[in-house]
Amino acid sequence: MSFLTNFLLGLGLAMDAFAVSMSSGTTIRPFRVSDALKLAVFFGSFQAMMPVLGWIGGSTVSSFVSDYAPWIAFLLLAFIGCKMIYEALYGDQDGKVNSLNYSVLFLLAVATSIDALAVGMSFAFLGTPILEPVIIIGCVTFVMSFCGAILGYRLGHFFEHEVEILGGLILIGLGGKILAEHMLWI
């Protein structure tokens, strides 16, 4: 595969991580650049790791991923989105929110990288070498996630709790989109 093809694949896979990073960036107070880096490292690492797992697993997990992955992604994103909305409406109003604990980051990273697992499986079926695509996918996702977190912070700084609610709705909508795409392909 050419560099351009791998780059475009990386962009496509990184869009979910970008949206989730932007949503997360709206809720973190106080926001530090290290928060954006933490998001970027988690999402970039998972987006790079999942194709490798898919490539190794190949057809063994193919049926599970195709049947249950969209539901898992939907449930994880909907749960975290509802949690964000609840915290925006009823949470501590002192302006300090930090939703970047490792368990939340892990769930978000898994939910946004399940499609990369399927890409890895397709690489295995096609006999495509995995190293170059994985590096490019991870780097593109890192940059997109970092930029998404900064953009989310900038928007959240101006609109406060309204953007937290919007961020939660984005996560729920993203989960719904993943599920709807799966249902349309059945």
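Along the chain as shown, residues are numbered 1 onward.
The backbone N, Cα and C atoms fix where each Cβ goes, and this holds for glycine too.
Swiss-Prot annotations:
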- 1-21: transmembrane segment (TRANSMEM)
- 39-59: transmembrane segment (TRANSMEM)
- 61-81: transmembrane segment (TRANSMEM)
- 102-122: transmembrane segment (TRANSMEM)
- 134-156: transmembrane segment (TRANSMEM)
- 165-185: transmembrane segment (TRANSMEM)
Contact yes or no, the transmembrane segment (39-59) and the transmembrane segment (165-185), 3+ Cβ pairs under 8 Å, gap 6+: no
Remote residues contacting the transmembrane segment (165-185) - C-beta distance under 8 A, at least 6 residues beyond either end: 16, 19-20, 22-24, 26-27, 69-71, 73-78, 80-85, 88-89, 111, 115, 152, 156, 159
